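Taken from Swiss-Prot as is:
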COMPBIAS  23-32  compositional bias 'Low complexity'
COMPBIAS  33-44  compositional bias 'Basic residues'
COMPBIAS  54-71  compositional bias 'Low complexity'
COMPBIAS  84-108  compositional bias 'Low complexity'
COMPBIAS  116-136  compositional bias 'Basic and acidic residues'
COMPBIAS  156-168  compositional bias 'Basic and acidic residues'
COMPBIAS  181-208  compositional bias 'Basic residues'
COMPBIAS  212-225  compositional bias 'Acidic residues'
COMPBIAS  230-258  compositional bias 'Basic residues'
COMPBIAS  259-270  compositional bias 'Basic and acidic residues'
COMPBIAS  277-286  compositional bias 'Basic and acidic residues'
CROSSLNK  283  SUMO2 cross-link
CROSSLNK  305  SUMO2 cross-link
MOD_RES   7  phosphoserine
MOD_RES   9  phosphoserine
MOD_RES   62  phosphoserine
MOD_RES   110  N6-acetyllysine
MOD_RES   147  phosphoserine
MOD_RES   155  phosphoserine
MOD_RES   159  phosphothreonine
REGION    1-311  region 'Disordered'
REGION    177-272  region 'Necessary for interaction with CIR1'
REGION    273-415  region 'Necessary for interaction with HDAC3 and transcriptional repression'
């Protein structure tokens, strides 16, 4: 351990000597060497050897012969040389990055890249590549999820006729499953009913035994009365059971009838679908004798409300309408000016109508005005009749009033 410590201390001294060299003169250096450094001659030689070792280690293997000649001078040199060679790269790093025409690519304190780091990077890269290949083959369900096993059929590829066979198979399978479930439920319900009956019968037996023990203690007359009561109770219970069974049988029958009707209707619908698969079945078919558009349902339900369509006849309108009625023609509505009544009737028969609200309003006005029409003679007769009736009423009222006034005045005169 002594030579190693000695090899480190001269390095520090050498660096200190380099720093001091420009300030001191050569005489002072000699004087400092002569008295003091007799003991440390080996140290100075080791300094020289350290410097040579640094330069030789960086310049190459060609200078190894010189190192051998320096080693032969003293044992201290040969002991201190390997330690100097060990510390050579670190000393060169602390000093400049250029020695003997050889420059380090990294410079400064950065170490050389090791082979282990490269091998680690290569192994990590290979692992990453293999992992990505595996993900590409198998997929990552936690990120993307799985695709559907049975995708929905395309409307262009699969027509409804092609899809009928799988539909029938699925319906048959579902119906068989439903039948199995119903059978299981019915069996469970029967077992429960049997258990309940057994419990009831056991309770009845216990009651009977208790009643028998009580009846033994009582008289014979009481026992006969109890027997009759029991018989009556038994008969009532039997009647109730029969009624329940009858109800259950009726329910089962109704369920069977419903199933049969539903099955028959489904079969009929399937047959119709096979005959005409492209028919629209969203609307229910209702036989209608009417030709043209149907009347709106809102008007049919508005019988309770008073209709308030249009207003009174305009001046001259009644006479014009009366002429149409006399001729037996259809009265034209407003908005139909320019067309004859025959043309309008032919258009309506073929299915042409006005826009919805206008058509309803004008049709109602036309019907109301047709009912209002009177000829001029009828109007005169009505007016004269009304006037005569009014005069008669007035005369009656006046006559009764005169009589009353006369009676009162006559009674006063007599007094």
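Glycine is no exception: its Cβ is also placed from the backbone N, Cα and C atoms.
Per-residue confidence over the region 'Necessary for interaction with HDAC3 and transcriptional repression' (273-415) averages 73 (mean pLDDT, predicted model).
Residue 147 (phosphoserine): 7 other CB atoms within 10 A of its CB, across all protein chains.
In the three-state DSSP assignment, the secondary structure recorded for residue 147 (phosphoserine) is coil. For the compositional bias 'Basic residues' (230-258), residue counts in helix, strand and coil come to 29 helix, 0 strand, 0 coil, using DSSP.
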